[in-house]
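J.: Here it is: the structure, laid out below.
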């Protein structure tokens, strides 16, 4: 087989599959609304969205969030109530809960909230209902962002669903509770207040949570359960445009992506099963000023509305909702196929299928080895040698990690952030070249003068053996994502059995190649489809994952893995072609040229393009700090603008524009103070630095009472017991203090309007002698909105940042006390 023809065939095959995947993604956003009643109106939902975002940023505690947004929601709900049919009853409640809880997120911290706002609506049959399904969105936003996708569009969709269902003459069997929660961005506080304190929460048997990790696009089901397979069945049956993956569920729940949703609260504190959906497209502008309503397509709103309306209506008329406890046990393997339909089956069935598939593959391999029996040892030896070379070639693709480290060290990290193809040209070509080189050398020096067709057959068997082993191991571990391995065993094996005769005929190589590629269509198409989704989610995250994670290392690893997977059943082509010199030379040339261009700095990571911005995220705080001693005297005070860049490049791209911001002005850690004496609004310090705290010993006990009589709506308290002391109890949450990963204790506080003064106590075990005090307690106040938000100095500095940044600044104070 000529090299040029083989390389062209493989490239065109992969590009064709890539185009098919891209076409399917576009089709997902161009599906017409269902003509069946009730009908979801995207234009009306867009009107709700535009009006909510027109209020501006809706920070918890601000008038925009606590008054304007709430009033708008109530106005629309009352209008919907007036138009509802006699078949339904609508009840509205404004909840302003106060409470606290511990959350094992970003290192772990305790959260206290006071007088935050929930708008709760119950749609039920005229005679009432004992059971309910919950639909949850949040109308608050992060400061300085209109929050169109996160999460105003979900609230707009819920308003339209409420309107649609209420106008139907067909009564529901169960109630639907719509929770418009007003404090999700404060790390899931409002959902906790609702599920633990509201009287309607007791009737909830399932929930749908509407979230965002991007701006518009398709809404992905990325979490279900726990267990309760009937919920996946409901989505599979009812959703008109399904987009779901158990792979996304296992990736998200692993903690790789630094995010969390209200799903956790309902699951952990309400013991309620549910479905978690999120928009994932264009995460580059998530939580920025660019998250505006005009960037969300009406087709996207229609698609989400059709899906959620159908699933909610299905649940609200399902007999299983009332008896959900009977269907609780069991898990489901689920995945969509190009958005056309969802494949779902019980996990136990998947386990059996996986083991049977692996067993059939091992049986096939055993039969190959034992024919003829006189050459069994020879055949087995050849198979394991091919197995070894295949594994060696896969390991050698890890060389791309060395390239990634070099790129990071030279200060050219994230060069692909605005230009995805750069990452493919840089890391994809390097991985492919290393893989092909290993097999080219093996063919030239180890398999010299051997039959090409025999080698191709042997290396196919080696790849099949690796995937079969992976399938058995991953299934045994308990990962539901093992179905991907099943695809990579079952279809290649089936294709090989069907075209074996063509392969054995002389001169039939091209016919074999064409039929072989056709047989591999399903696993390759699904893998490219899955890879598209993974890269769509992960690449934007690299721009907000902190300064401790090397994004190029992560991306290079992902591209290396995808290269290995896609090469699995094309490795045998290396042994079928006469030469690989041209392919290797082309790949090497593309890699070297791309590397030179990247190192030259020609590919700038960020963009201020109005149509497709890729901003650099920078947070600034004009902070004033005061450190008090045991007698309450101020022993040190200072002030300045504290700056954090939220990606690996730090301030290197900012220094040419604002020269005074450079590495020489780094503030040293105040080792005696909690969290280095810096006013973190959340305990994300481990994303930016590392710190080690020795655990204290215990002795006698004493209690300290704290009263915070005044302050802004967002504050943080940091507690560090001194050597020999330990925090044993407090009045927050369940009363058991839980330290952050660094060893200090972090309490996040937020409030709505007119909240009472915050008072709490902490109890410490301390030694009898404690001349230097037993505990350091610091409180940081964050002014995220209003006239105190920005000082003149901070405003002046923000104006100097280039337009390809998303810079957000606020004023804060840090007061340290020793007791």
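Cβ from N, Cα, C; glycine included.
The following feature annotations were taken from TrEMBL:
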{"type": "DOMAIN", "residues": "118-311", "note": "domain 'Peptidase M28'"}
{"type": "DOMAIN", "residues": "380-599", "note": "domain 'Endoplasmic reticulum metallopeptidase 1/1-A TM'"}
{"type": "DOMAIN", "residues": "613-817", "note": "domain 'Endoplasmic reticulum metallopeptidase 1-like C-terminal'"}
{"type": "TRANSMEM", "residues": "337-364", "note": "transmembrane segment"}
{"type": "TRANSMEM", "residues": "384-408", "note": "transmembrane segment"}
{"type": "TRANSMEM", "residues": "420-442", "note": "transmembrane segment"}
{"type": "TRANSMEM", "residues": "480-500", "note": "transmembrane segment"}
{"type": "TRANSMEM", "residues": "512-535", "note": "transmembrane segment"}
{"type": "TRANSMEM", "residues": "555-577", "note": "transmembrane segment"}
{"type": "TRANSMEM", "residues": "584-606", "note": "transmembrane segment"}
J.: Do the transmembrane segment (555-577) and the transmembrane segment (384-408) share at least 3 Cβ pairs closer than 8 Å, excluding pairs fewer than 6 residues apart in sequence?
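T.: Touching, yes - the transmembrane segment (555-577) and the transmembrane segment (384-408) meet the threshold of 3 or more Cβ pairs under 8 Å.
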J.: Cβ under 8 Å, sequence separation of at least 6 from the ends of the transmembrane segment (337-364): give me the contacting residues as numbers and ranges.
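T.: Contacts with the transmembrane segment (337-364): 20-21, 24-25, 27-28, 218, 229, 232-233, 235-236, 239, 241-244, 330-331, 464-465, 467-469, 471-472, 475, 480, 482-483, 485-486, 489-490, 493, 497, 525-526, 529.
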J.: Given a Cβ distance threshold of under 8 angstroms, which distant residues of the chain, six or more beyond its ends, lie next to the transmembrane segment (584-606)?
T.: 403, 407, 410, 412-419, 422, 425-426, 429-430, 432-433, 436-437, 440, 614-616, 649, 653, 804-805
J.: What residues elsewhere in the chain lie close to the transmembrane segment (420-442), defined as a C-beta under 8 angstroms and at least 6 residues from its ends?
T.: 389, 392-394, 396-397, 399-400, 403-404, 407, 459, 535, 539, 555-556, 559-560, 563-564, 567, 571, 574-575, 580, 583-584, 587-588, 590-591, 594-595, 598, 603
